[in-house]
Structure formats: structure tokens, C-alpha cells
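Following: one structure in C-alpha cells, then a few remarks.
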Amino acid sequence: MRHGKYPFIIGFLAVPVALYATFVVAAYIQTFQLSMTSWSGFGAIKFVGADNFVKLWNDELFWKSLRHNGYLLLLLPIVTIALALVFAFLLNVGGGSKGGVTRGVWGSKFYRVIFFFPQLMALAIVAVIFGRVFASDKSGMLNGLFPDSWSPWLFLADERWALTCILVVLVWQAVGFYVVLFSAGMGSIGEEIYEAAALDGASRITLFFKITLPLLWNTIQTGWVYLGIAAFDAFALINIMTVDRGGPDGATSVLAMMIYRNTFEYSQVGYASALGVVLFFLTLTFAALTLRVTRRDAV
Amino acid sequence: MSQITNSELDRRSLLRRAGAVGLAAIPAVGMLSACVGGGSEEPAKQATGEKSADNPLGIDPKAPVEIVIFDGGLGTKYATDVDTPIYKKKWPESEVKYSATQEISTVVQPRLNAGDAPDMINNSGAKMMDFGAIVAAGQAQDLTDLFAAPSFDIAGKTVAETLVPGAVEQGSYSGKPYAVNYSYTVFGLWYNKALFTKNNWTVPTTWAEFTALCDKIKAAGIVPFGYAGNNAAYYMVRALLTSAAKIGTEQALKDIDNLKPGAWTAPAVLEAAKAWGEIGNKYLDKSFLGLKHTEVQLRQNQDKVAFYPCGSWLENEQAKDTPPGFEYAVAAYPSVTTSDQLPAPALNAAAGEIYFASSKGKNPRGGMEYLRVMLSKEAAKEFTNLTKSLTVVAGAAEGLTLSPGLTSANEAITKAGKDLFMGYLFDTWYKKLNDESLSAVNDLMFKGGDAQKFCDRMEAASQAIAKDSSVQKQTRS
């Protein structure tokens, strides 16, 4: 029945491809074009060649922002995945095996729901709430918990810790989703494998490292790429939570923040597009690298 | 200035836009450029009419005029209930097409680029358009004729002559006026008069008196001076540069605006930075770096902060949080040295809130006429009445019963006399430099008060802008 295959496929794909081409591909192509201009966002467009990229190279804030993205890129996936794996393991296998059925720790059904809650909240709301948690005076939740005699911790107002506060919120928000993802992955690992291992006298830790982790590798790999891409963004939290948006003194600036400011505040759409181009290639390189480096033969 | 005027709303809409933009930071740049290149073509025929004594701007009495108002802290009532009726009374056959939005750039910018511009636009709010860029792109109407035209209801004077000093200059780019900055803001140290009377504290006029009073206030368990580092550092920049102007006259600020080499490292700026850095070191609560403006303002309402640097919109912004018995009052910044070139009552008072006519619209003359109506004494008085904010129309508030804060602001203006100065414009001209000043002033006030570092850093940023050919330059004299 090969007859009519192409009209069928084209019928299905035409609309999404057209939408994608208009709103994503065309936008990217224009971004590439604009990165070679000094367009302000109004009026005439002047071609300036690679000027924007030279300017970028000499921009201290760009390198600073890149370092911050790198910091998030390194820590966000590692911390989130590690936490999510531990929780997922406890929820699914951590309770040990009884009558041939592996179970989670006591109350795991309840925790499973709780863990997913942060995922349901809009990022903007999360940011406002954590802004209160990390508030730099006694009205802040954490500072309120500290003894009265302590002088308040500055958290977001302290350039050494501001980015770490952002990281904490990102992890908090993401971990629930990956618990669910990994739980689903673990659910598909055959009972008999755990049972056989348990019969051989494997401890829970051995179970985790020798069975769960290798069999989950594909899921983890995907999660890593997602989290990495999230680490390239982080815009919403930084825009809402941080001192002076990206501060204090650039201590939480990231590429997405720079793009936003250059486009909408400094009227330097050309320069912002150049930043966008850099971000595009960084994201692409990261995804390709991650998939390559973490590739393993199927177990 | 307008981003300050409606600051409360700005921060709220910030949350909304953050959510929307966060997901789409990269494609957004491209989406925005969907209208790339528009606006360079000539528009369709523009409406004009016969110039006469009754119609000094030569508008077509039958052509409709379209206005877009920012729906923010000032509301829209002044336009719908005051300005439009006055306009309609004079030009009954000209239809006024009115719309209001909280997102000016979202609504208006694509229309400007597509050659379908509204005739009169209130450019304000968190999503205000970069006005310097609009002027550079030739989208704003030259308002020279408007300011030279006779006033709408003050006989024998031109529009320019009815305004406070500096009002026209503030909307001028490279010597030509393109915007009406309508509201008039007095900047200074705001305090609770009732608290000061109760404690027998007198408002300082010299720096020595200022620090002595701060010591007393501190001893009373109140934070002597505070501002919100999180999102209101520009209040502090204004305080610092006002002091610099008092030391070295407004020329110090003009040099800064003109990106003159050495403007930021000039002795006046350094002196001011040293004095304020000292205040930061001794009298500022360090945790304020993480606070937002409303939080610090609330603390002042609770008498936990004595002095707060701000503009005269403060009283209206805090209206619902101000307890009974709290009486806002404003003091000019104290003289820094004994050899200050401006006297102690010298005051920074500036026009803000941009209204402009679009040069590429269908009826730019009509837009200008609408502005002339707004600048009438009748409309200005009602504006102050409705919005609790002064206007650039001199003396328009006479006869109104003003709130304590506005009364105090009015008195400060009188006391300053000829020593009123409009301040600086680099913050709207070069937003990147503005952002640098926010970081730098926070660093100065909260992290050790190194004045030389502040000056050097700002000097470097200013010279970087001067050398950047992609930034459109402005000058003032």
C-alpha cells in the first residue's frame, strides 16, 4: 500500500513545518543577518560585518556572563540528576524487596506527589517566592529563622553567593520532574533483575550502582541535555530575583539577560543578535557534545 | 524619568514580561525584526490646514487624530476626561481616536516601523521605547512650531514661555525639541516631618549638620539614610550627581551628558562620591542592597528609616501605606563643602513623562495641537488635581489644595528660586551607561565607599560609549 503515501505525509506535516519555518527558522535566519548589522530596532539597517563579534570579544560582561552560564551548566545537571536519582531510587526500590516485589520507602506514594509540586508552579511565581526566602534582611524567611543576634545574611545581595541562590532555586524547581522521569525509567526495569541480584546478596547501594544506573543511562542522558539547555537560559529567575537584574554588579548576569537588555533596553538589536548567535552555537555544541560523550553501548 | 514616575507599576509588569520573555529570549530578537526595514518609506499624505491666529499650528479641522496613552501610575482619566473634551470643544469636527496600553513598545513600535503611526504617543512605563532611537530614526515630529505657538489659554505668551525652566530643553535632542516632558518632579531627601518635629531634629543644610543629625538618628535606633539597592539605585545616582552639581554647578552634569573625557573624574563628582560613600559606610543598612523600593519606602512609613532620596511621586505612590500622622516633606540635598558653587536650597527638579507627536503619522499637526491642549493651564491644573503630580506648566497648581508632600515640594521650588536645575539626561540617552551607574553606585554605597573606584569605573564606561559608533550620540549645552 505505498499508493498515496506522500500526500498523506505532506498533509500531516505541512502545517507544523510551515509554522516552524516561519516562527523558528526564519527568526533564526534573521537573527544571523541582524548580527552583522548595527540596527537599533528602529529605522534603517546598516551592515557592519563582524564588528559586533569583535565588540563581544572585548566585552568583559560577556565573558563574565559566559562563566556564569558555565557554572550553571556544570552544576545544575549534576546536582539535579544526583538528587533526582536518589529520590527516585528511594521511592521505587529503596524499601527493599518483600515477597518478590521491590518497593519504595514508607510513604513513597505521598512523596511522589509532593516532589512534583514545584513543577506545577509558574516560574515567575517561584521566583517571587524565593525572592522572599532569600530576602537580605530580617523579613526574609531564612534570615527570620536565624537567631536574632546574627546579622542578616545577604544571600542575593552578596555577589559571592547570589548565583548559588539561583542555582538552588533552579534545582528545586527541576528535581521533581526528573524524579518522575527516572521513576518511570526504573519502573521499566524488570523485577527479576532486582530479584536475582537480591538473591545474590546485593545491598541497596550495589543495586543502585550495578543495576539501576546502567539501565537508566539513556534517560539520564536525555535529562542531562534538557538541564544543560535550561542552564543556558535561567533568564526568568535572574530577571525577577536578583539585585539590579543580573547583579549585584553583574554577579548573576547570563547571556539571556544580556540579550534581553541589549534588545529591549539599550536599543542594540544588532549586538543582541550577535549574542543570540553565540548562544545558538553554544547550545548546539553542548547538546552534540553531551550526546557523544555520554554515549554507551546498550547494556 | 517616566520610568521612575510609574515605578510601582513597572515592577509589577516586570514580572509578567519576565515569564513571557524568559522562554523565548533568542527567537524574540528575530521576531522583533519581523518588521525590519519598515518605516523608511514615506507615509501617506499628511493632513494639514490653513494657519491662522485661531489655528496657529495649521491643523486640518476635520482630520481625525489618534492618541495612545500609557495606562500606568497616572491613570488615563486626565486624557479621557480633561484633555480630549478640551480638544473636542475647540475642534468639534476632528475625531479623537483614543487607546490606552500598559505596553507601549509592544503596541506602538511595530506600528512605527510599519508606517502606521498614531499621531500622539505617551511613551512611558517599563515597556517604553528608547526615545533617542526614535528621534534618530526620524520618527518623532520636530516640535519647534508647537513651542513657538501661542499658548492655548494664557494670553500673550508662547507655549514655551508658559513652562518651567528646562522643560523644553529636556525634550530636546541635538538642539531640537521632539518631546513634551509633561510632569514635573522635585528630587530631594524625603522625610517624615512629624517624626522630625517630635524629636526636635532640624533639616540639615550643610554636610556637617547632615552627618551630625545622622548620628543622632542612629542613636535613636533609626536607620538614618536608606535606599533600595535591588531596583532603585537610580535614586542614589541622582542624589550623588545632584551633590556634584551643587559643588561644581550644572556644568558637571552637562559634561557627563556630553560624554566629555574626564567628566566623571572631575573634582566635583569625586568630592560628591566621597561624601556619599561615607554616608553609605556609616549610616546605611547593608541589607538594603537586597531590598526593593517599596520595602524601603514602607520602612520609612514605619519610621524605621529617616531620610530617603526620591522624587515627588513618592507621596502618591505610598498613599495607601502611609499611616495617619505621617507627613511627607522634602529637603534639598545639603551643601557638601563650604565652597559649593550653588547655594544650599538649590534643587534638582526635572520634567518627565514623554509625550510626542509622530512625524510619520497621518496627522502630526493634530498630534501637536493635542499637546498644545495638554499644555494649557486648564488641562495642567486638572492633571495635577487628578494625578497628584505637578506639571511643567508654571504656576498651574495655584489655587489647588495640595497634599503635605506636594506643598513641601512647591515650597522647595520657591526657596530654590533661580537655582533650579534639571539635572542630567545620560540615563535616558545612554541606557547602558545608566545601568553601569546603578552597579557602580551600589558598589560605592554598600561595599566600602571607594569614591575613586566609582569615578574611574564610570569614566571608563562613559568613554566606551563615546567610542561606540553603533550608539547614537546626543549633546546638550
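Cβ coordinates come from backbone N, Cα and C, glycine included.
Worth saying up front: this structure is predicted, and the values here are computed from it rather than measured.
What TrEMBL says about this one:
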| type | residues | note |
| --- | --- | --- |
| DOMAIN | A:66-290 | domain 'ABC transmembrane type-1' |
| TRANSMEM | A:7-29 | transmembrane segment |
| TRANSMEM | A:71-93 | transmembrane segment |
| TRANSMEM | A:113-135 | transmembrane segment |
| TRANSMEM | A:161-181 | transmembrane segment |
| TRANSMEM | A:224-243 | transmembrane segment |
| TRANSMEM | A:269-291 | transmembrane segment |
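Beyond the ends of the transmembrane segment (A:71-93), by six or more residues, the same chain brings 102-105, 108, 111-112, 115, 163, 166-167, 170-171, 174-175, 178-179, 181-183, 185-187, 194, 204, 207-208, 212-213, 216, 220, 223-224, 227-228, 230-232, 234, 254, 286 to within a C-beta distance below 8 angstroms of the stretch. Beyond the transmembrane segment (A:269-291), the same-chain residues lying 6 or more positions past its ends with a Cβ under 8 Å from any Cβ of the stretch are 28, 31-41, 48, 52-53, 55-56, 62, 69, 73, 221, 224-225, 228-229, 232, 255-256, 258-260, 262-263. Contact between the transmembrane segment (A:224-243) and the transmembrane segment (A:113-135) is supported by 3 or more Cβ pairs under 8 Å, counting only residues 6 or more apart in sequence.
Tertiary neighbourhood of the transmembrane segment (A:161-181): same-chain residues 68, 71-72, 75-76, 79-81, 83-84, 87-88, 91, 112, 115-119, 121, 123, 126-127, 130, 134, 154-155, 219, 223, 227, 230-231, 234, 237-238, 241-243, 247-248, 251-252, selected by CB-CB distance under 8 Å and a gap of 6+ residues from either end.
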